[in-house]
Every structure is written in structure tokens, then in C-alpha cells.
């Protein structure tokens, strides 16, 4: 990472000259994230200033990043975004998820209110997950469960199921997890736990099991499947992701996540698909494809890390 100062990164992230490409703004954001993780509250404040932007994609990423910093200075701006009904649903959802990722017990009352009363399903479901995550994090189970050490550093909306509930990575375990993944009689949180256990198993069978999640009725659930595929970066998920991205009737939050996932997989067959959807009429899909193309170039270059 280049050693830009906070004012320089702020200038790029907030597009102060009006001419900064979105992909560069994303790179500045990831540099600011590193600073925020190390306790730099000024970096958190700069990220929070970005919520005034027009780009739904950028704002949702700002919220996601704030949730990953483990920095409680981010709580207040995230609460403000969740409460702001003028913000796009995808941005508000990401703010609620970020409050869950931070594990902020002080946000429980607010999350409960929006879980019970928000008119949008995606917000209600996200608040449900955030509440369950905070509850789990402060439970005995969090101390006693044996979780597989994950290859991923992200703070997820739910922890994976413990290994004693889904041991090994054989076909039978994957089939059992797939049934849990799609079992509507289970809580959303429990189904997410099955999702992240499948991610951590990481076999091709696990990828194919996860792909069945695209048939779920919840847009939030479908978008999380695409997000997980982006983390796994397994070429076996490409056909399912291309199919989702090509469904113009699908929710933008799902299609955009599919575009980003394809960018992180970065196989040769992905490039023409991303170029096509960089012209999509849905702004969040279009911008995601443009950022994904930048990620594709990075994945196929010798750059050390994706940051400004």
C-alpha cells in the first residue's frame, strides 16, 4: 500500500476534484479501512463523509468497510444511515449488517425496532441477523463451540456452524448442510451458519450446494450466496453467477454482488461478461461491473494488494 496521507485519501474517496474514477475511490477506501482498523478515528470520519455521495455501490461499500474495522467510532454514522429512509435499501441494509459485525450491544434496541417495523423485507431480515449475531457473540456458545479455522478474515453476518454439527468435508456432510441451507423451517441465522460452513469446506460439491441458494425467495439470502462465491473465487461458481447476472428481473443487490464475485474469480471467460454488463441500465450493476473489471486487471497483474 502506498503511504498516502489522510487528506490525500480523503480527496480521492470523496472525489473532491469531480474527476476520480470509481475504481480508484474504492482503492482509497481500502487504504482508509486499514487505518480505521488500527484505531484512526479520522479515517472512520472520512469514510462516513462518503455517505453523501450519489453512488449506491460506493455507499454500500463504505458501510461494509466500517463494519469490518472493529472500530466503535463507526457506530454513530452507521446508525444514522440505517435510520435515513432517503438512503437506498442496499445501503441501509449494509449499515445494519455492519452494526452486527461490530457486535455493538448499544445498537440492539435500534436493530430491534427496525426488525419489527421497517416496511422493507431486506432491512427486517438484516436486522434479524444482526441481532442474532450480537446475541451469539455474547453467548456461552461463542466461547464453547468449535469452529473450523477459516481461510477468510472477514467478519461475517453469522459464524459457520460448529464442526460437531457438520464434521468433515465429505459428500454426506455437504448434502446435510445443503438441506439446512434451504430449510425454511430453520431460522435465517442458522441457515446463514450453514452457508458459511459450506464456504469454509470449499470443495466443488460445496460450491454446487451453495448455488442452490440462488433459488431462495429472499433477495438478501441470494445476495449473500453471491458474496460468498466472490470470497471463494472458485471457477465452479461461474456458470451460476453468470446466470444470476444475466437475469434483468433479479434485484440489483443480487446482480451487483454476482458481478463483483465474477471480478474476483477473474478467469478468461469472465472478462467479456463483465464488459457487457459495464453497459447495464441498472447503475449499481453497471458500476459493479466497472469495479470488477478493475479487480480483474489487479488479479491478473503483479500488484501486491488491492489498495490505493
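Think of each number as a place in line: the chain as shown, counted from 1.
Cβ atoms are placed via backbone N, Cα and C, with glycine included.
These come from Swiss-Prot:
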type: BINDING; residues: 60, 61, 93, 94; note: Fe cation 1 binding site
type: REPEAT; residues: 91-117; note: repeat 'HEAT-like PBS-type 1'
type: REGION; residues: 147-170; note: region 'Disordered'
type: REPEAT; residues: 221-247; note: repeat 'HEAT-like PBS-type 2'
type: BINDING; residues: 223, 224, 256, 257; note: Fe cation 2 binding site
type: REPEAT; residues: 254-280; note: repeat 'HEAT-like PBS-type 3'
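Swiss-Prot feature annotations superimposed on the structure.
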residue: 60; record: Fe cation 1 binding site; CB count, 10 Å: 26
residue: 61; record: Fe cation 1 binding site; CB count, 10 Å: 24
residue: 93; record: Fe cation 1 binding site; CB count, 10 Å: 29
residue: 94; record: Fe cation 1 binding site; CB count, 10 Å: 27
residue: 223; record: Fe cation 2 binding site; CB count, 10 Å: 24
residue: 224; record: Fe cation 2 binding site; CB count, 10 Å: 26
residue: 256; record: Fe cation 2 binding site; CB count, 10 Å: 30
residue: 257; record: Fe cation 2 binding site; CB count, 10 Å: 28
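Here the CA atom of residue 257 (Fe cation 2 binding site) lies 11 Å from the CA atom of residue 61 (Fe cation 1 binding site). Close to residue 257 (Fe cation 2 binding site), meaning Cα to Cα within 10 A, are none of the binding-site residues out of 60, 93, 94. Compute the center of the Cβ atoms of 223, 224, 256, 257, which mark the site for Fe cation 2; besides them, the chain residues with Cβ within 8 Å of that center are 222, 225, 226, 227, 253, 254, 258, 260.
Here the repeat 'HEAT-like PBS-type 3' (254-280) has, by DSSP, the following mix of helix, strand and coil residues: 22 helix, 0 strand, 5 coil.
Closest to residue 256 (Fe cation 2 binding site) by Cα-Cα distance, out of the binding-site residues 60, 93, 94, is 60. In three-state terms derived from DSSP, residue 93 (Fe cation 1 binding site) belongs to a helical segment.
Residue 60 (Fe cation 1 binding site) falls within a helical segment according to DSSP. In this structure the alpha carbons, written CA, of residue 94 (Fe cation 1 binding site) and residue 224 (Fe cation 2 binding site) are 12 Å apart. Residue 224 (Fe cation 2 binding site) sits 12 Å from residue 93 (Fe cation 1 binding site), taking the CA atoms of both as reference points. Here the repeat 'HEAT-like PBS-type 2' (221-247) is broken down by DSSP into helix, strand and coil counts: 24 helix, 0 strand, 3 coil.
In this structure, the C-alpha atom of residue 93 (Fe cation 1 binding site) lies 12 angstrom from that of residue 223 (Fe cation 2 binding site). Counting only the Cα atoms, the space from residue 60 (Fe cation 1 binding site) to residue 223 (Fe cation 2 binding site) is about 13 angstrom.
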